[in-house]
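Peer 1: Sharing the features that TrEMBL gives for it:
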- GLU99, ARG100, VAL145, VAL258, TRP536, HIS537, GLY565, PRO576, GLN577: FAD binding site (BINDING)
- CYS472-CYS528: disulfide bond (DISULFID)
- 302-316: domain 'Glucose-methanol-choline oxidoreductase N-terminal' (DOMAIN)
Amino acid sequence: MAAVIGALVPVIVKLSLLLLCLNFNSFLTLTQARKWESWKDKYPFIKPASSFSSSSSSNAWISGSNEAYNYDYIIVGGGTAGCPLAATLSQKFNVLLLERGGVPFDNFNVSLMQNFHISLADTSPTSASQIFVSTDGVFNARAKVLGGGTSINAGFYSRAGESYIKKVGWDSKLVNESFPWIEKQIVHRPILAPWQIAVREGLLEVGILPFNGFTYDHIYGTKFGGTIFDRFGHRKTAAELLTSGNPGKLHVLVHATVQKVEFDTSGKKPRAVGVIFKDEKQNQHKAFLSKRKGSEIIVSSGAIGSPQILLLSGIGPKAELEKLNISVVLDSKFVGKGMSDNPLNTIFVPTNRPVQQSLIQTVGITKMGVYIEASSGYGESEDSIHRNHGIASAEIGQLSTIPPKQRTHEAIEAHKRNKKNVPREVFRGGSILEKIATPLSTGHLRLKSNKIDDSPSVTFNYFSHPRDLKRCVDGIRIVEKIVKSKHFTNYAQCDKETLDKLLNMSVQANINLIPKHTNDTESLEQFCKDTVITIWHYHGGCHVGKVVSPDYRVINVKRLRVIDGSTFTESPGTNPQATVMMMGRYMGVKILRERLGRAAGL
């Protein structure tokens, strides 16, 4: 009898686990369904693009009527800047916000911190991100979801420094009113993970002083900043800022891919009148601006999307446009120029035990032009997609153990197959990240075709400027000191056996350890070039003074602005999302005040 019971025990356990999994999956499905319904109640103004009636919009434009389809503002891109901008402008005017992706609310890959890397690795048509590879060979990603980059990033929230605000020419009083508007709605104080505490202590030990504690401010020294993940690891995005808008005046269409801006070219300067977009069923629509004075189209599609849309609309270098049979509306030679991406290099530090997951919380702001950040614990699951290194995961294109020009989709697939043979303990630990603060190396963006769905060709020219390379070398040497610091060594306690395995399997596991010859500058320079990846902080393409004026109006074009990171010559702060969201709110208030004066009430 005992033998029979003994034999049944494993079967009973397996059946119990199976039932538990089924119940959990049913719970997730039910939870997701409820979440889907609840977001529709909370955001009644968000509709699928196919619900739009082109005829109403067109008739309103032709007749000059003041119906709702005569939009005061059409915003192209519901991303990091576009959402707060739309919410603010809708408080007084009719706003149409067009987003090419779907909503973030019902997508667990977007919502949960533990799934951060999965959404970036998703290459399906419904993915919240879209992979592109720069001509440099570095894999990168664009957001394709309401909320933009805030829906797929690592969540760290830190403001731009005062010197940046002054250099850009923003009104510091309005800036300091706009940041809290964001923070009160979606930003949290993080619960520091042990890895982040260890990195903090290491930074202080090697002299990245003073310790500034918890702060949103960008100041020299070591600090921990805010996060858009709550204490349960649930993401808040810029899309949630839309609840601050006027639901009676705010119209948001998802899966609405804008193909071009339409212009009236009968006057001395081209005048934006509307946009052409396609819906999720590939049907084409037109939306038109009101004829009321002050109405505008605002492009907020990010550093890749905004210059791409201007070019497809006929604004850009004449010769480039004519090659693709695009009618030239304005010969503007600087559109797509001055593209820049902050190079990232990572060092993996193994531990003798599992490490709690964490994305960026601690940061060292040095006076050497580099930022030091950290990520940990993305390697504990047996599932292939989870056995990775978070921000530095091969699955999301961060194949840093292969030089950029050799990185391919095939190489990524080979890595995914090979790593199944790598011992699990090799994946235990975390990464210390070194990012160039203000790279001087720049590149360009060019169209590959006249179709919006084709990602443009982008070149960043990483480390083409010698000063960037010197900064990277300096940064790697700081990381080396942190790894060897007393506090960090005591925390990691990596045994020789694990370290030996790592040395033999570093390429298979896609990890970079501290280079052997850190005194050799030339060797470190090569290390920087060979292991460069991205932290997705690319910017430029529509610079102020070249493509747009200081108030972000497209130069020599009426009723058209660009408001987003494409206008930046430098990425603000350690991580730009705080400043880009602030920019959306800031410019929304500024536009309303200019149009309404004190009656704006903002």
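Counting starts with 1 at the first residue shown.
Quick reminder: no glycine exception, Cβ is built from N, Cα and C everywhere.
Would you situate these features in the structure and describe their surroundings?
Peer 2: For VAL145 (FAD binding site), the same-chain residues that are 6 or more apart in sequence and have a Cβ closer than 8 Å to its Cβ are GLU99, GLY101, GLY102, VAL103, PRO104, ASN107, VAL110, ALA128, SER129, SER151, ILE152.
Within 10 Å of the Cβ of CYS528 (disulfide bond) there are 23 other Cβ atoms, across all protein chains.
If you average pLDDT over the domain 'Glucose-methanol-choline oxidoreductase N-terminal' (302-316) in this model, you get 98.
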Peer 1: Counting only residues 6+ away in sequence within the same chain, which have a CB under 8 Å from the CB of GLN577 (FAD binding site)?
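Peer 2: Set apart from GLN577 (FAD binding site) by at least 6 residues yet with Cβ under 8 Å, we have THR80, GLY149, THR150, ASN153, PHE156, TYR157, ILE228.
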Peer 1: Determine the C-alpha span of the FAD site listed in the record, that is the greatest distance between any two of GLU99, ARG100, VAL145, VAL258, TRP536, HIS537, GLY565, PRO576, GLN577, in Å to the nearest whole number.
Peer 2: 25
Peer 1: Could you give the number of helix, strand and coil residues in the domain 'Glucose-methanol-choline oxidoreductase N-terminal' (302-316) as assigned by DSSP?
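Peer 2: Final tally across the stretch: 11 helix, 2 strand, 2 coil.
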Peer 1: Hey, which of the binding-site residues GLU99, GLY565 is the loneliest by Cβ count within 10 Å?
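Peer 2: Checked GLU99, GLY565; of these binding-site residues, fewest Cβ neighbours within 10 Å: GLY565.
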Peer 1: Indicate the candidate from CYS472, TRP536 with the smallest number of other Cβ atoms within 10 Å of its Cβ, considering only these recorded positions.
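Peer 2: Among the recorded positions CYS472, TRP536, the lowest count of other Cβ atoms within 10 Å belongs to TRP536.
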Peer 1: Work out how many Å separate TRP536 (FAD binding site) and CYS472 (disulfide bond) at their Cα atoms, rounded off.
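Peer 2: So the Cα of CYS472 (disulfide bond) lies 17 Å away from that of TRP536 (FAD binding site).
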Peer 1: Looking only at C-alpha atoms, tell me how far CYS528 (disulfide bond) is from GLY565 (FAD binding site), rounded to the nearest Å.
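Peer 2: With the alpha carbons as reference points, the distance is 26 Å.
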Peer 1: Would you kindly give the Cα-Cα distance separating CYS472 (disulfide bond) and GLY565 (FAD binding site), rounded to the nearest Å?
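Peer 2: One finds 24 Å between the Cα atoms of these residues.
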